[in-house]
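Visitor: So TrEMBL lists the following for this protein:
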{"type": "COMPBIAS", "residues": "1-13", "note": "compositional bias 'Basic and acidic residues'"}
{"type": "REGION", "residues": "1-50", "note": "region 'Disordered'"}
{"type": "COMPBIAS", "residues": "31-42", "note": "compositional bias 'Acidic residues'"}
{"type": "DOMAIN", "residues": "38-152", "note": "domain 'Ig-like'"}
{"type": "DOMAIN", "residues": "253-338", "note": "domain 'Ig-like'"}
{"type": "DOMAIN", "residues": "352-437", "note": "domain 'Ig-like'"}
{"type": "DOMAIN", "residues": "665-761", "note": "domain 'Fibronectin type-III'"}
{"type": "DOMAIN", "residues": "763-858", "note": "domain 'Fibronectin type-III'"}
{"type": "DOMAIN", "residues": "862-950", "note": "domain 'Ig-like'"}
{"type": "DOMAIN", "residues": "959-1055", "note": "domain 'Fibronectin type-III'"}
{"type": "DOMAIN", "residues": "1073-1161", "note": "domain 'Ig-like'"}
Amino acid sequence: MPEAKKPAAKTDKAAAAPADSEGSECRDELLSESEELPDDETVPGGQSELTGLFVERPESTTVTKGKNVTFVAKVDSSDLLRKPNMKWLKGKWLDLGSKAGKHVQFKEAYDRNSKVYTYEMSIIKVVEGDAGGYRCEVTSKDKCDSCTFEVTVEGGSLPGNLILPLVTFLVPRGDAGEDAGDLDFSALLKKRDEPKEDVDVWEILKDAKPCDYEKIAFDYGITDLRGLLKRLKKMKKVEPKKSDAFLKKLEQCYSVDKGKRTQMHVELHDPNVQVKWLKNGVEIKPSCLSVLTVFCQCLSLPLSVCHVRYVFECVGNKRTLTINKSNLSDDAAYECVVGEEKSFTEVFVKEPPVTITKLLDDVHVVVGEKVEFECEVSEEGANVKWMKDGVELTKDGKYRIKKDGKKHTLVINEATIEDIGMYYVYTNGGESKGELEVEAKELEVLQSIADLSVKACEQAMFKCEVSDEKVVGKWFKDGVEVKPGNRIKMSHIGRIHKLTIDDVKPQDDGNYTFVPEGYALSLSAKLNFIGESNMFHAKVGVAIVTYHPLDHLSLSDIPPPLTDPPKIHLDTSSTGSKNTIVVVAGNKLRLDVEITGEPVPTVCVTHINQSLEGRVRVETRTTLSSFVIEGAERTDEGQYSIIVTNPAGEDRAELTVKIVDVPNPPENVRCMGVGEDTATITWDPPKFDGGAPIKGYLMERKKQGSSRWTKLNFEVFESTTYEAKKMIEGVFYEMRVFAVNGIGISQPSGNSKPFMPIAPTSEPTRLTVEDVTDSTCALKWRPPERVGAGGVDGYIIEWCKEGEDNWVEANKEPVDKNTYRVKGLPTGEKLLFRVVAMNIAGRSPPCTMKQSVIIREIMEYPKIRLPRQLRTKFIRKVGEKINLVIPFQGKPRPVVNWLKDGEPLENKSVGIRTSDFDTILFIRSAERDHSGTYTLSVQIDNMQDKADIHIQIVDKPGPPINVMVTDVWGFNAALEWKPPKDTGNTDITGYTIQKADKKTQGWFTVYEHNRRPSCTASDLVMGNEYSFRVFSENICGLSDEVAFTITVPIYIPPSDLEYNKPAFKEKDMSSSPKFTAPLVDRVVVAGYSTAISCAVRAYPKAKIVWMKNKMIIGEDPKFLMQNNQGVLTLNIRKPGQFDGGKYSCKAINDLGEDEVECRLEVRGFSPQKGLLQKCSLTGM
């Protein structure tokens, strides 16, 4: 008797509630519903526990019709060697992977840190047909796991009469909380008496009516109503109703891959009955190509010749529907209809998964540039889905999606900072991702503004050029924005910005700056106003140039000169160091030195290391001298001397100029180590830091062969060792590094050598001892379970004494094999051994032997393991090579001895080679003398084992002896001979006898493999003379020599017999007409000539009469009647609608008559319906 089930746990009530509510709606509906459950489905609320692969499993749920629902399953892959395969199934066999589309969608994700795969199945806009049992299965090599869940669809409130039976059991409780209103049978269980043990509930239920199931279940404490009905269904095996029309119906379903052919078969009771095939309730009618299959079958051509989609075949009582080149439109329900009976089936077309053959690459662009993500898939016209941050990307103004055969491209017209992120492309068979990095656009100065020295009333023009045409900016003078006016004009044409000042005045003198909007950049230059009253002297290097603007005055007009010693007023307080100026390389160096003295002093600027000619100019006014160097270089760095002189004296000042620049690129970029998805990169600092301290470094990487570099850090990295992450294992990468100081970023370093992120393998497995001697130990092991993309380069074996931790390497170079003998071990010591796998990523974790091994020779009895073929006589032919390998065992190494026929083996043509575990006997060319009994013995001290090997060397035999003819009679001759003296060291297996007559001298075989030394040659020709010869034969073949008859050729005398020819009696061939091949019913196409044929046998020759609908066909030119040796043919030229009917052929002679008939059906094309229509038949 079954025990009453306990109420479900509180955590399971939410999942079990839909199933319980469904199970109690109506007794009759429960029974029918249970019959639809698959046999291997688990009843909701009673799911089995996880077996280890699932971290999270989907749960049963109730969903409202029209809503969306998502099920999540998580699988732990830490112990798996490869990616697991997930299947979502509905019911017992329906694979939902073939139904992926708008209604059912799948998603897959992988977490590298936790090594957990997340699988999601979403049902969009649930319909009533989605209700039922589901199952998800995960498989990986030899591991598998599965779990089940239920989906219940609610379409609104149920009628009151369905809820009524449950009202009395919905007991709200004050402490039930969210479980209030569930089915509660606890009160009934407490009040009822325990059932007697000898009561069999299932026997009661088997004989009860379905309306009493619920009452019986309550009486005996069975709360799982659905499980009860499921078990009853198995117990009640209903005999299938026999069909009157079908001997064999269609299968329940057919599954076919897209593009393949599928066939559906039925067998009928009546072979002449007509069948109809329906697809989704609509009849499949034959097309023009279907009719052409009749001709293909008549000509024995394959059906593919006429490219038919649906093919109907009728062979006896078997009917077949063939669907060629199945596509998704063939996924439907099919019916075969015979009269009032139907046979149903369903065809599922599985679309092969579309895989991604070319993965996405990471893209690095600047703001405003065009972005293209490109991938290739395995099948043309496949559907792919582009996503970013979990949101599907569609065609709009920002994104464009292009398809070109197998190539799919996602295009972003103008990249922005908001587009940064990871982009995914999904197919039903894979996914790929690529990262987009968008960098703020840097503005490049193509031409900077230059200092101007302009006289009064002249025009001053500042001009600069930047890299972006769309950039706008503002002009400032001494920090104040310049406004356009009558004299001042600003223009922006393309990349060129201009500031024009007409009619320059003294107040225009100052510093002018152009500032682009949105960029931390400014371009500055100075406007020097030159007045007419100035006079100055300038000396550059050693050359002195004196300017006299007042030469037009007379000497009497010149006032007496004033004398004031020259003085240099030098201010370098803003530089941070006394008399030191720091200039960025490439910028303009301008030294403004205020000078006083009367008369106007002469200025001389000198550089200690070089001359200042070429890029140097000196601009001098009354009290100011400007020293300008265009485009400062590193060679301009050093100490400068400024000397001013006049008749009243001299003044001198020393000035230090420091040129700073971007640093040189880093050097010697190299990879120091790799991991599963990481790599450690190191480099040497640049030799020249540009005159400013190195702030840090920027790193970039790219895949080998690609031209796209990806930035790894946006903040400077101070160390010279960097760990790059998020790489793909098994892909080659290259790295380069930039150095950064206060001035800017250096040029990139040289590319590193290509390296591949690879993780070390897992530890080797099953390390065992194979053999031990006094100083060696043979080990064997299995390869690691997880190898990875780097493979295994070899193994290192290490040993140490028990209780110590000083491991000694047994081999310096890695060994490829999984076995190794460690030599040179200390005798009698207890040693531990371990093995590590090596690859490009380094050492794997060690596999250590758990128990120590004592290094000591183990005594083992000698034993010869004789191969099976040597246990019987070993036979070889003369001249063949003999190579016998005989293994043996024994420790220490046994002593091996060979004997032949009891004597020591001293034949030099027989070679012996012996190793630690086998011995080899080899003969390059066998001779008869090598035959005999060879004895092998292996001995250790007093222990010995022996084995005998019998070798027989055979050759072709000699010829027979004394071949003679002993008797001749009639057409026969008797021959006898004696066996050959040389049998070839083996038994004679037979003889071959040949004869030759004197006329032709050609030898013909009389007997082969004749075992006796005698024979009788028969079928000889009288009057001829014959000679005979005999060959002997053994297992090597026929003898090379032959024995001939000793006597002269024998003569066969002619006989006196006479032949009496019997009288000829003519046979009576007369017969009445009889058709041996009847006429066959035909279906033809109107307008195409056809013929009907039959065959008749009659003697004398019969008269043939052709009739149509019992009317004799006369001399109608449309019909051509032929008779070819009894084969009668009626050719009908281009039959029309009125040529259909019953055709008969009658054969008549004097002995009787016979008649056969057939029906001819002519079908014509109807333009209104586009189908072949049956023409009306006359006389049918």
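In case you wondered, yes, glycine gets a Cβ from its N, Cα and C as well.
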Visitor: Take a look at 352-437, 665-761, 763-858, 862-950, 1073-1161 and tell me which one has the most Cβ pairs under 8 Å to the domain 'Fibronectin type-III' (959-1055).
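Guide: Per the Cβ count, the answer is 862-950.
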Visitor: Please spell out the DSSP helix, strand and coil residue counts for the domain 'Ig-like' (862-950).
Guide: 6 helix, 53 strand, 30 coil
Visitor: Helix, strand, coil: count each for the residues of the domain 'Fibronectin type-III' (763-858), based on DSSP.
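Guide: Breakdown, helix to coil: 0 helix, 45 strand, 51 coil.
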Visitor: What are the DSSP helix/strand/coil residue counts across the domain 'Ig-like' (38-152)?
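Guide: In the domain 'Ig-like' (38-152), the DSSP-based counts are 7 helix, 59 strand, 49 coil.
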Visitor: Summarise the model's confidence over the domain 'Fibronectin type-III' (665-761) as a mean pLDDT value.
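Guide: Mean model confidence (pLDDT) across the domain 'Fibronectin type-III' (665-761) is 89.
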